[in-house]
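Trainee: This structure is in structure tokens; I'll ask about it shortly.
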Amino acid sequence: MVSNSNNGMSKYVTLRSSDGFEFVVLREAACRSGAIRRMLDPKSAFREAAASVCTFEEINGIILDKVAEYFYYNHKNRNQEDVPDMDIPPELCLELLMAADFLDSLFTVCSSLHC
Amino acid sequence: MKRSRSSRSLLANGSTTTTTPASAAAPLNPLNPPATPVAPPPLPPDVILPPVVGVPPAQPNRAVARQIRGPQSALTDFLASKNINANQIRVDANNRRAAALVAQQAAAGGNDNEDNEDPDSEPEPVPVRRKNESKAQETKRKKEEEKAIAKIKASKKFRRQRKQYGSEADNTDEDEAARAIFESSMAPLPDQLDNCELCGKRFTVTGYTRKGPDGGLLCPKCTKDLDKEEGSALKKKKTNQGRARRKIQSNLLDGIYPGAKDLMTLCIETLAKNVDQADDFGDLPPSLIDRLAAILSKKRLLNPSTFNLFLRPDFENVTVYDGAKLSSDDYIRIFQIVPKVKSVRLRNAVQFKNVVMDHLLATTVELESLSLHGANLIDDERWERFLREKASHLKVLKVSYTDGHFGDETLGVLAETCPKLKRLKVCHNQKVTDAGLLHIAKLPNLGQLSLDIYNNTSSGPYVEILSKVGRGLRTLSLAAAHYVDDTVLSAIHQNCQNLSKLRITDNEVFTDQAFANLFTDWNNPCLTYVDLHKCRHIVANEPCENPEGVGFASLGFEALMKHSGRTLKHLNVNSCRHISAGAFEAVFASGKNYPELEDMNLSFCQFVNDLVVGCIFRSCPKLKTLKVFGNFGVRDVRVPKGKILIGVPNALGMQIEGIDDHDEATGHVI
């Protein structure tokens, strides 16, 4: 999908959903999630790091689409103070909440192990 | 509008008939010049006065006119001695009436009535209050006006306003602006009458009356029209700005950093907004459900129908952060729907009363943890029954705001029936006394103890508790123990070896030296949570003096940071006013590092200033929030990105410096 350059670090990463949808996202934006950052950390020996592809078995395409949208929303507004809230459709709310919990909690677990 | 001087004096004369018909005629009679101090000859009662209109104007010489008079009332006499003239009041009233009449006639469409009045008076737009004055009065008034305007121009407020709005307004003539302010200050007060600037109609001025384009006041109808014309764009813009600023400040107080919210917060907020559409929370993990419960309560959305979302047969925890809208039946429902519940945590649970307790006692529910806040309608008899029948499994009991219930006897029963109790909190309690506290010493497994007793308590029971159960304590919180003394601190020093959280607040007896002794060579691992707020010396007439070294001050602070600085996460020394600048600078000196410190409250510590705050940001890399309410030495400090400084004493709030240092250290990202 994205050719690996610069000793295996491409500028983009691929997020793959449980139902096979793929989202190519700026690495910097995607790494705002601790879980994804840990998965893609070149120092870790995860397969994801080598391929720059993260597969999420528990997140479907619709939700992952929203997550990718959030990555860019967050990335775009990273240095702003007064940011309008991103619109979240109420029907996706619960599933998105689970996804957010997963993507962040993994990070907390990892970092606490790391300490 | 006609308000000529001649018409005024004319009416003035016409209206002098104040007291009695006979005497009233006197000043009007052209045969009796008002200047003569001689009393008027008595007129026969049948003399008919000529009609008022058409009498040549008399000189408005009030001082002399007062000399010629018939019998008059004591009130008139008194008023006259105070230089208040009933005549003048009447004249003004008549003038107003005339003006209103003219206005009405003008409104009716005829300008032809003008010859009723003095023809040579120009219908110039003279403000109301100028209508009846002499030349001398006019010059005097003008002089005073100029003086007032000059004063306004020189005032600081005016200059500031000019500075603020100067750039945007086109008609920035200083004189004009000053005059506008002057006129607005001289405008009729509420409840007085004025004529509308646009339609000329007479109306009552109220506090809401608005100004027209030329500075006059407008009647309600014209105001409405003008408002419609302008639209509320300008007003709205301003309030929106204010709202946004308030929102940011409110978020800061909640610890939410300005900028994009994390995805979880966004989702929870959306969910809270649409909670009425939710049937079920699905498989959300308990931690998220807890967050949802908190945010729903914060938004006052927790009511009997949304409460159902938190009741599921397989739950073991039920948490209500604000149960003010729930009824007794709702609380009974907890035990009906969630029979396996192990932990019940209810705040503001006023309706958790005897009925609910009776129901709980009749079920097979075996609670391990009960936390009740504000349940002040459960009587002591029910508490005793609960403790005797249901407490054998109880590990956690938190009872706060019970007013006149849950006293010494109840604590005695608790000591008998709850040997397994690990955690006890009795807060905001009005009934427990020293005798009750002694029972707590009989709970050998206690790991966490929180006490906040309203009755005055002495040191003895606390020392007894600490010597019996102090060794096992991990949390110790003694709030509002105002008069316990240093023996308690030394008991902590001797007995506690496992503390990680320590709270001792609102005391004015502990000495600084005793605090220093507590934290020096203490056989206890480093603390992670310390709250010593309001441990300070209070003497109203000499607030800065503290010769006895009372309160948590420099020595204690340095000793604490030396002992626990490595692991301390939360520190609250709010109002410990005698911690010196030197102590702060020494503790947060350039070589010192407090790697875990996240949250600090240094409000009302008078020696905290820009330098100290800067040093704190340098030596506490993980610091998230720092509170500095009431520290006027903090003026202009630059806050590094990612940290929150709350309570800076200026309207702007904190100023952020630098860009997002996005690395491993910043925890909450998504």
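Here the Cβ of each residue, glycine as well, is placed from N, Cα and C on the backbone.
Predicted, not measured: the structure shown is a model, and the values here were computed from it.
The feature compositional bias 'Low complexity' is assigned by TrEMBL to B:9-29. Among the features that TrEMBL reports, compositional bias 'Pro residues' is placed at B:30-58. According to TrEMBL, the feature compositional bias 'Acidic residues' maps to B:112-123. The compositional bias 'Basic and acidic residues' annotation in TrEMBL covers B:130-149. Annotation source TrEMBL lists compositional bias 'Basic residues' at B:153-163. As annotated by TrEMBL, domain 'DNA repair protein rhp7 treble clef' applies to B:190-228. Look at TrEMBL and you will find B:1-58, B:103-174 tagged as region 'Disordered'.
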Trainee: Mind tallying the domain 'DNA repair protein rhp7 treble clef' (B:190-228) by DSSP state, helix then strand then coil?
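Mentor: Computed counts for the domain 'DNA repair protein rhp7 treble clef' (B:190-228) are 9 helix, 8 strand, 22 coil.
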Trainee: Across the compositional bias 'Basic and acidic residues' (B:130-149), what are the DSSP residue counts per state (helix, strand, coil)?
Mentor: 16 helix, 0 strand, 4 coil
Trainee: Give the mean pLDDT for the domain 'DNA repair protein rhp7 treble clef' (B:190-228) on the 0 to 100 scale.
Mentor: 80
